[in-house]
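Asks: Have a look at the structure that comes next, please.
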Amino acid sequence: MLKSIVRRSSTAGASYVSRRGFASGSAPERKVAVLGAAGGIGQPLSLLMKLNPLVSSLSLYDIAGTPGVAADVSHINTRSEVVGFAGEEQLGKALEGADIVIIPAGVPRKPGMTRDDLFNINAGIVKSLCTAIAKYCPNALVNMISNPVNSTVPIAAEVFKKAGTYDEKKLFGVTMLDVVRAKTFYAGKAKVNVAEVNLPVVGGHAGITILPLFSQATPKANLSNEEIVALTKRTQDGGTEVVEAKAGKGSATLSMAYAGAIFADACLKGLNGVPDVVECAFVQSNVTELPFFASKVRLGKNGVEEVLGLGPLNEYEKQGLEALKPELLSSIEKGIKFAKEN
């Protein structure tokens with residue numbers, strides 16, 4: 001039953017856990033490492049990656065608690081072999097030979113916390129994990145989930161540059177949750193089948209830096225300006241909506257795990273040579289004057305095959321684009337500064 005539910009889920013997820021792309025017997029060996037696997041995002045993300053037939057080896061790492069998560073997940077009757085690693089002395093083992101490293105590690109957002117409050121704690125965690133990635137699996141695709149993504153991706157880039165392993169094609173900030181939310185909210189308003197919705201979300205991954213391009217959404221719907229403004233705001237504030245609904249007991253962990261699994265699946269398909277895999281992600285970019293920017297990216301055997309442009313923007317979106325740039329730039333610079341000073 002679960003397989004069919006997961007199989008039927010939304011667009012990018014439509015073929016997720018389906019065996020259309022590859023029969024598990026013929027799919028190449030792929031190792032995926034999840035760093036922060038015992039946490040609120042890490043556990044459901046580990047479960048979802050265990051369900052993916054493209055994964056042959058699943059490596060679960062955290063500072064503690066991972067042997068239990070790994071034992072639990074390993075009983076599921078799918079292709080991948082699961083191994084748990086706990087504590088920094090086991091990090092190298094967890095990473096060796098990884099094709100994709102997904103990083104949900106760090107502390108979650110609590111009520112009243114801005115993404116900036118998270119910064120110092122998570123920045124330090126990301127820096128040490130990326131130092132290990134540079135050493136043990138320098139060619140892996142890195143999917144950064146740890147917030148604030150607008151700063152943690154530039155931190156990772158600086159760590160890799162210092163180690164001499166930086167490849168801009170292999171570093172992604174996972175903004176997929178913004179896309180998942182925008183699709184869901186749009187489908188609800190437009191009364192269209194959510195599985196058919198396609199719509200890019202560009203910019204960054206916090207507050208006003210999140211810019212859904214509803215003018216490019218398909219299927220088309222005649223929504224009023226007021227409705228578009230409300231949908232934009234709801235997409236930008238999606239994280240806060242969940243933090244408040246959980247009343248201090250957590251943040252968006254389940255939907256984030258789903259979005260992370262969908263993006264990792266797209267990366268796996270790209271690595272395996274499936275053509276025309278396109279998803280939005282926060283990457284090194286020339287699309288705007290900013291050094292990093294989220295837009296549609298074509299994924300392939302080397303990670304980023306092509307960073308796609310923004311396409312036609314309406315007036316509201318053009319204003320949103322100009323409004324987000326200063327905040328996004330300052331978050332990027334904050335990450336670079338942290339990496340250089342620490």
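Placed from the backbone N, Cα and C atoms, the Cβ positions cover glycine too.
The following feature annotations were taken from TrEMBL:
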{"type": "DOMAIN", "residues": "31-173", "note": "domain 'Lactate/malate dehydrogenase N-terminal'"}
{"type": "BINDING", "residues": "GLY36, ALA37, ALA38, GLY39, GLY40, ILE41, GLY42, ASP62, ASN122, ILE145, SER146, ASN147, MET256", "note": "NAD(+) binding site"}
{"type": "BINDING", "residues": "ARG109, ARG115, ASN147, ARG181", "note": "substrate binding site"}
{"type": "DOMAIN", "residues": "175-338", "note": "domain 'Lactate/malate dehydrogenase C-terminal'"}
{"type": "ACT_SITE", "residues": "HIS205", "note": "active site, proton acceptor"}
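On this model, are these features tucked inside or out on the surface, and what's nearby?
Replies: Each residue of the domain 'Lactate/malate dehydrogenase N-terminal' (31-173) gets a DSSP state, and the totals for helix, strand and coil are 62 helix, 28 strand, 53 coil.
Around GLY40 (NAD(+) binding site), the C-beta neighbours below 8 angstroms that are at least 6 residues distant in the chain are PRO108, GLY250, SER251, THR253.
When Cβ atoms from all protein chains are considered, those within 10 Å of ASN147 (substrate binding site) total 25, not counting its own.
Neighbour count (other Cβ atoms within 10 Å of the Cβ, all protein chains): 29 for HIS205 (active site, proton acceptor).
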Asks: How big is the NAD(+) site in terms of the longest C-alpha to C-alpha distance among GLY36, ALA37, ALA38, GLY39, GLY40, ILE41, GLY42, ASP62, ASN122, ILE145, SER146, ASN147, MET256, in angstrom?
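Replies: The widest Cα-Cα gap among those binding residues is 18 Å.
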Asks: Taking the Cβ of ALA38 (NAD(+) binding site) as the centre, how many other Cβ atoms fall within a 10 Å radius?
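Replies: I count 22 other Cβ atoms within 10 Å of it.
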Asks: If we count other C-beta atoms within 10 Å, could you say which of the binding-site residues ASN122, SER146 has the fewest?
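Replies: Looking at the binding-site residues ASN122, SER146, the Cβ with the fewest others within 10 Å is that of ASN122.
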Asks: May I ask for the distance between ALA38 (NAD(+) binding site) and ASN147 (substrate binding site), taken between their Cα atoms and rounded to an integer number of Å?
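Replies: Rounded to a whole number, the Cα-Cα distance is 17 Å.
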Asks: Taking 10 A as the limit, how many CB atoms besides its own sit near the CB of MET256 (NAD(+) binding site)?
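Replies: Looking across every protein chain shown, the total is 24.
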Asks: Sequence order is fine: just name those recorded positions in ASN147, ARG181, HIS205 with a Cα within 10 angstroms of ASN122 (NAD(+) binding site).
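Replies: Hits: ASN147.
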